[in-house]
């Protein structure tokens, strides 16, 4: 490891390894929830006895509440105990949701369950990204890449667990001798193939629908259980339970991470008066208050907005591709068998996982902006080639792999890039995570509606349009950050951090020592 990274980064990790591994592990839970819907959507349709258009409601419910969770997640980062408690409840909630999905035989019940999981996912997303940025600051790129590697790992595991249990021959509907339906007929009908014995297909009937995919969800629930257990063990070691001894000392003086989070006030050991280390989470948005707008150049806000738009489209592409590549593959012109099409989601997330793993050493060797340029160009070229070779099932697999590799690093690199340019921790992270969640929510709905009305070919066309828009906003972001950099170099006393302090708002970087200095 020392050969890849310098001693300072290794020392940083050694001093914060327990918390870092905790945030990485909860992102594995996040990944489990990201990718399971795509391969199981037809089985869940059979279970809820709903149409394909109706079942897409569950995509929207999960992504909408993921957006809500991303928005409110930062408020749980006020202290270490709040952060870890929120992560424990959220990761445990994901296991509970997995366990009850097979019991949801009504569409609204399933949508409600996935809305709860989306809320938990959003809280995990914001807290993990925010805390890693606070711990490692300028060196956060490497650790953010590793964080999002675990998303890919979880998203790779869930389709692999589900694939052996995807129903091919029958969905048994009780209380009727004729209430049996074949998913083979259903999948062939969706793919535009001839359907024999159509009269045997009865989706809207009374009784309970039983599919083998239930076992996959229960396995995923058990697989995720070590995550909340691990967080509880960490909280016990840090004495953060109410029954623990001297929890205030652990939160303020004894814990490196707690010194780097805001919203805590303690007494000075020498003077005995209150010393404010930082303000509440609300003050992190002080840069956006009307009274402070005049204190910042337009480029400061432009970086927030454009960075959010870049992630809006990149994460929107990831969400829509994960959700609908399977449906695209089983419809004309591909007409792939459902088992073969099911591997596309696995390949996509395997490529994202490999891409983020390889980006860990690359992010140490190269600047985030350089990795972003390569990633954005690669996404555009891959989507263009997928359009050109839209009739080739072989290139669909190749293109899926390439798209996953190129798009894998856009989120962590954009987050690290904007934080580095702004030299302000917190506001940019919240904007980036929230924008990404909003993109996944809205673009999935748009792609699903367009595919339903215009046909499967519009799936790749939508991806190309989203990719071009994301690339255009990235070009604008690049020029705006250059302008912002020139401004801060010409007027160093007017940097955003100092302007915040002039307005009575303490920043985290001003309130705490360097992230690797634990002597205080």
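In case you wondered, yes, glycine gets a Cβ from its N, Cα and C as well.
Caution: TrEMBL annotation is automatic and unverified by curators.
Feature list (source: TrEMBL):
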- 21-42: transmembrane segment (TRANSMEM)
- 54-76: transmembrane segment (TRANSMEM)
- 83-101: transmembrane segment (TRANSMEM)
- 107-130: transmembrane segment (TRANSMEM)
- 142-162: transmembrane segment (TRANSMEM)
- 215-236: transmembrane segment (TRANSMEM)
- 305-329: transmembrane segment (TRANSMEM)
- 341-359: transmembrane segment (TRANSMEM)
- 371-389: transmembrane segment (TRANSMEM)
- 395-417: transmembrane segment (TRANSMEM)
- 429-451: transmembrane segment (TRANSMEM)
- 457-480: transmembrane segment (TRANSMEM)
Leading contact stretch, 54-76, 83-101, 215-236, 371-389 vs the transmembrane segment (107-130) - CB distance under 8 Å: 54-76
With the cut-off at Cβ under 8 Å and a gap of six or more residues from its ends, the chain residues touching the transmembrane segment (21-42) are 55, 58-59, 62, 84, 87, 90-91, 94, 97-98, 114, 117-118, 120-121, 124-125, 127-128, 131-132, 146-159, 162-163, 166, 183, 186-187, 190, 213, 216-217, 220, 223-224, 226-227, 230-231, 234, 319, 322-327, 338, 342, 345, 349
Candidate ranges 215-236, 341-359, 429-451, 457-480 - greatest C-beta contact count to the transmembrane segment (54-76) (under 8 angstroms): 429-451
Touch test for the transmembrane segment (142-162) and the transmembrane segment (371-389), at least 3 Cβ pairs under 8 Å: no
For the transmembrane segment (83-101), name the stretch out of 215-236, 371-389, 395-417, 429-451, 457-480 with the most CB-CB pairs under 8 Å. 215-236
Top stretch by Cβ pairs under 8 Å to the transmembrane segment (341-359) (candidates 215-236, 395-417, 429-451) is 395-417
So if I exclude everything within five residues of the ends of the transmembrane segment (457-480), which remaining residues of that chain have a CB under 8 angstroms from its CBs? That is, six or more out. 299, 302-303, 306-307, 309-310, 312-314, 316-317, 320-321, 324-325, 327-328, 333, 369, 372, 376-377, 379-380, 383-384, 386-387, 390, 418, 443, 446-447, 450-451
With a Cβ cut-off under 8 Å, give me the same-chain residues at least six positions beyond the ends of the transmembrane segment (429-451) that come close to it. 56, 59-60, 63-64, 66-67, 69-71, 73-74, 122, 125-126, 129-130, 133, 284-285, 304, 307-309, 311-320, 323-324, 327-328, 411, 414-415, 418-419, 458-459, 462-463, 466
